[in-house]
Structure formats: structure tokens, C-alpha cells
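Enquirer: Pasting a structure below so you can have a look.
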Amino acid sequence: MAVPPVEMYSGSFWNRMRKPLPLRTQVIRFTVVFVIVSFILAVALQITHERMPDPKVTKPLPDLGFELLTKVPGMYVLADCCIGFLNILSVFTAFKLYLLHRHCVGSGEPELPCNIPGVSRFFLSVWLCKENCRIELRNIHTIAWIRFITSYALLLLFRSAVIVMTSLPAPDDLCQNPPKIENPVKNVILTVLTAGAGSIHCGDLMYSGHTVILTLHLMFHWIYGAMVHWSFRPVVTVVAIFGYYCIVASRFHYTDDVLVAIYLTIATFIAVGHNADGAPWQLQLFIRWWPCCGANSREVTEDSQPVMVAFKSEAAGQSSRKVVDERNH
């Protein structure tokens, strides 16, 4: 049996493991991880569809939310509209966070080739709500994206296991006569490309994927959207609550599916947290060993701190080191 090297138990080894990866590398690699997790979830959805109890034999479970809210079958479409609206608003907020980062580092506001009165100022001006700004603005857009995408990937990966473990009877009308999946590979690809909207899947109940993304947007704007404009918090809160109502009223999910998803999403988003180094170092361990998709060490200045960069001379075949300080440029 091979004996682990002594340095694995030394403080220097774990210090290297805890050293943060460049933020740009984290953005690229965690986005790739999210795509991989999406395929895992797509396969899990297909397994769940095949394992779902026969609706003709097993009736939907008793649900207090179903008893209190009148059934409106088409409301799930409005839930999708809520998600679409929040997607657009989150992209807009992320861009405004990028402008805040540029303002913090002294880059100024970007300019369009052609100036459109009103429009250019609305999109390219820096919005800052000082009452809710308690976070360092440098790299805030990158850190916010890392926090969002890692939280989403963790929740979808856990959901992949949960929906396969226990099969529940479907409460919605669309799955009372579930269609047969003729081409499994095509269905998996459509699930990833359309986020489930263009594929066949029934029985994926515990917990609600719609609620996960609604709550993620809610948490994103509660923390970061409020830094851009004070109105984002109340607007997103109302939209998210209405989306929850649409999910239950349409019988798309049981009430427990929604409640569990809300709790898990909030807990995960808080646990991942906001850190100048990006994702928690434990999560970075899963992408640290990658030989591609970004550098494993900081070769450029991200926080206006001097770093060491190695330059290789092609003529002499030798390496020289140079300290790069952003403040000197």
C-alpha cells in the first residue's frame, strides 16, 4: 500500500489547497460545472419520469395548499413568465455591478459608439444605493456570479438525487396521462438547452426547480440588487411570491416542494456567502486540479496587489520574474 507523502499532513500542503484560484478561473470552471450538473439533472429527470407511479392507480397526495388555493391550471405559464422577468432583471443588475466595479477601480463609465439620449445614460450610468452598499465594490460582479452559479449547481445536484430516491404521484393535469419518451438522448439535450421547458418529464416533485430559481433571484437581488437601486428588493419579493402562488395554484408542485426549495435555496446561498476570494475553498478543491479552463495561479493583478509573473524567453529558453503592480501603470 502506497504511503501518502509527508507534506500532505503538513501545514504548507493545506495552505496551498486553501489558496484561492483567480476569480476569472472560478467563473469559467464553475460555469462548466453547472453545465455538467445540468446534464446530470436531465438524466435524473428521465429516470424519475419512468419511475413515476401510474396516475390511474395512485392519486395525488392530500395537500393543505391545494385545499386553500383554488386550482387554476394555466398559472404555471405565469410562473415561467416570473422567472423570465427575473432572469432579465438579474442580468441587468449584474451589468450594473460591473459598472460599479469599473467606478471603484477608476475606469469610468463606458461609452457607446453612438450616443442615444436617455438610453445610454440609463444603461451605462453608475447606479449606487449608498444605504444598502456595505460590500467592497471591487470585483463584485464576478463574486456575485460565482456565488449565484455555485449555489445553483449545488441545489440542482442535490435535486438530482432527491427526485430519483422517492417517486411521488403527480398532482398536475399535464402528467395525468404522461407521454412516452421515444428518444431519451434527444430529451436529455432538450432538457439542458431549454431548462426543461421543451422536454418531457413528469414526477420531479421533491423539490421544486422553479422555486429554486425564483428564490435564487430573490436572494441575489436582496443582497446585490439593493446596492443598485432600493426598489429592486420589494419588486423581486412580490414577483417571487406571486411565482410561488402560481406553482401551487396550478398544481405544478405540492406545497411542500415549494417550502423545502425555499428553505434549501436560502440556506445554500447564505452558506456559500460573499467572499473576496470567490467560492469557499472547499468548493474550489473540486476545480483546482483542472488542467484547462483558466490559470491555477494569479498571473495578473486582480486586487491591485503585486504578484509574481514568470516570462519565458524564446531566444535564451530561460525564465525571468517580474513584479507587476497595477498601481504603477
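Using the three backbone atoms N, Cα and C, a Cβ is placed for every residue, glycine included.
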Enquirer: Tell me whether Ser12 and Gly198 fall on the same side of the membrane, as recorded in Swiss-Prot.
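Expert: Going by what Swiss-Prot records, Gly198 is on the opposite face of the membrane from Ser12.
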Enquirer: Looking only at the topological domain 'Cytoplasmic' (96-147), what are its DSSP counts of helix, strand and coil residues?
Expert: 26 helix, 0 strand, 26 coil
Enquirer: Take a look at 27-47, 75-95, 148-168, 258-278 and tell me which one has the most Cβ pairs under 8 Å to the transmembrane segment (212-232).
Expert: 75-95
Enquirer: When you check the transmembrane segment (75-95) against the transmembrane segment (234-254), do you get at least 3 Cβ pairs under 8 Å, counting only pairs 6 or more apart in sequence?
Expert: yes
